[in-house]
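Asker: Attaching a single structure in structure tokens format; questions to follow.
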Amino acid sequence: MYKKLAIATLLYSADYLPGVFALGHQVNKLLEEAGKKGDIETCLIVTTSLFNGTLSELAKNILQSIYTKIVLVEPLNCQEESIQKNSENLALLERPELSFALIKARLWELTQFEQVLYLDSDTLPLNKEFLKLFDIMSKQTTSQVGAIADIGWPDMFNSGVMMLIPDADTASVLQNYIFENTSIDGSDQGILNQFFNQNCCTDELVKDSFSREWVQLSFTYNVTIPNLGYQSSPAMNYFKPSIKLIHFIGKHKPWSLWSQKNFIKNEYHDQWNEVYEEFKEEHQLNNEVSKPKISDSDKTETPETITPVDAPPSNEPTTNQEIDTISTVEENVDNQNAEPVPNSDHSPAPNPVPLDFTKWLTTFINKDHLTNQPVNESREYSKENDNNIINSSSNRDQESPPNSTQELNSSYSVVSTQADSDEHQNAEEEDSTTDNASNSGEESHLDDISTAASSNNNVSNQPDGKNFSNSKENNISVESSPSNPEQKRSTDNIQKPSVSTNDLPDDVEPHTSVDDNIQYLEKDKEGYEEFLPDVYESNAIDNEEEFFDDDARDATEGETKTSAVADKQEDMKLTAEETNQPQQEMPNFKFDWEDSDYLSKVERCFPDDIFEYAVE
């Protein structure tokens, strides 16, 4: 085993500063746990312009307390040309910031160390077992690189975790190779594979004599976790006890603002947050620094200057800085108000509860054309919806079996004919005075029937113009109604659907909702449907007794009994026929509403405060 060992990481953008803090804190903790705190150094490689021009004094002091050695480096001499050359391949990754990762070639210049374990700043060692890599690669040569297969293409290695031997000659050859060749992915991983990985050699003759070698290590030393939640669950469960290190690949990191809101949380994401909270407690930053809000937007960063940068006259951040993640207490007051500091018990912050429960309830409903509707229009939608329901019920009533209604009409017409003939005979026997009285009683009784029909129409919910009665039903004689109460009830039921809009007040429209009809009935306290037949039947019978003598009444009662028996038999036949007829199936509302525009309006039926009780 080599004597001078180091664990190094790279900081080329302030966006990765939280990852550098958490990684350095965790590595020091595990080194102390393994008893190798003095045997293995921690090293941070950072660009000179970033360290002197962007980071604050507080950030610099913290970095110097975490890492035993900080190495300032300049961009590669060929970096501008390499960025332009690799721009097309880099665009495929949609990761423009990776163009600066070519500075990772500077790792082989760390000749002050004999062996280096490189870790990306978005990695998190889980336990001290990751230090076994030094034992596994104890006989490594300068032409070898120890790395783990990439999850995207296993014939290539992931450059986030690498074991390497610093060497000046290798560093020089590598930098020239970067200048002369185009990276597969436009970034450091592609070009390092082309340089060290024998699998990337397309020429079979050259492949056999390839001078450099990739030593493949176990995947448990670099378990890549994409932030979209994709992973091989069975393998993760099986090898979970053996995992030594987690790598948060992708553009969204655990500390980024997008991840804090949208990331599919898992135990490793929570573990990173716990480590970061421990780091803040150790450095007493809970009252000074809130959780950093790193923007996830893809920014086209300008290449850093190649010329060496002298020490600036002051350490204040420049005006062209990308982001000042950690600053003084006064600069972070707004950050504290913007996002609360997590609890000191290291428990992960709970997911925010959506306050707009109406939007949450109708997540699968297309509401685009209703989002900008005013409140009064939403009420109109509610009324239209109620009218649609009323119209549908009236249509169903109208579509009732026509045979039954026709047969009833025919039977009632026969009864009317018989009653008219009896009336004609009685009229010849009576004198003119009796005829006049009879006519006056007839008119009064027709008024009663008209009043009852109008009252029943107020109770019904049928729309205008839906008159189901024919001319024969409207011409029913006076004698047929009082002589047979059951016949009168049936006649009233047939006349009931007819609507008389003249009885409604002027301020009530015919096409109103059910609530308006109920309010109107409350104003008119008389005329309930179930009591109407008894009222006008009793009055009609009293009037009849005044105008008919005993002989005429006996004859009429005989005819009435005969007609009543015939009517009962006819009703029994109708009931049997209705029983034999197939019952009309009601529409399946569970599926019919999918074809209508009901869903576009249903959200407006919910009051805005319906879910307020659930919000604390």
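Using the three backbone atoms N, Cα and C, a Cβ is placed for every residue, glycine included.
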Asker: Say Swiss-Prot lists ASP120, ASP122 as binding Mn(2+): which of HIS247, HIS252 is in the same site, per that record?
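Answerer: Matched candidate out of HIS247, HIS252, per Swiss-Prot for Mn(2+) with ASP120, ASP122: HIS247.
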Asker: Indicate whether HIS247 (Mn(2+) binding site) is helix, strand or coil by DSSP.
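Answerer: For HIS247 (Mn(2+) binding site) - judged by DSSP and reduced to three states - the answer is strand.
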Asker: Quick one: Cα separation, ASP122 (Mn(2+) binding site) versus LYS104 (site 'Important for catalytic activity'), in Å?
Answerer: 15
Asker: Measuring Cα to Cα, how far is ASP120 (Mn(2+) binding site) from LYS104 (site 'Important for catalytic activity') in Å?
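Answerer: Between the Cα atoms of ASP120 (Mn(2+) binding site) and LYS104 (site 'Important for catalytic activity'), the distance comes to 10 Å.
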Asker: Neighbours of the Mn(2+) site ASP120, ASP122, HIS247: Cβ within 8 Å of the Cβ centroid, same chain, sequence order.
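Answerer: Sorted by sequence, the hits are GLY19, LEU119, SER121, THR123, GLY160, VAL161, PHE248, ILE249.
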Asker: Can you give me the Cα-Cα distance between HIS247 (Mn(2+) binding site) and LYS104 (site 'Important for catalytic activity') in Å, rounded to a whole number?
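Answerer: Given the Cα positions, HIS247 (Mn(2+) binding site) is 17 Å from LYS104 (site 'Important for catalytic activity').
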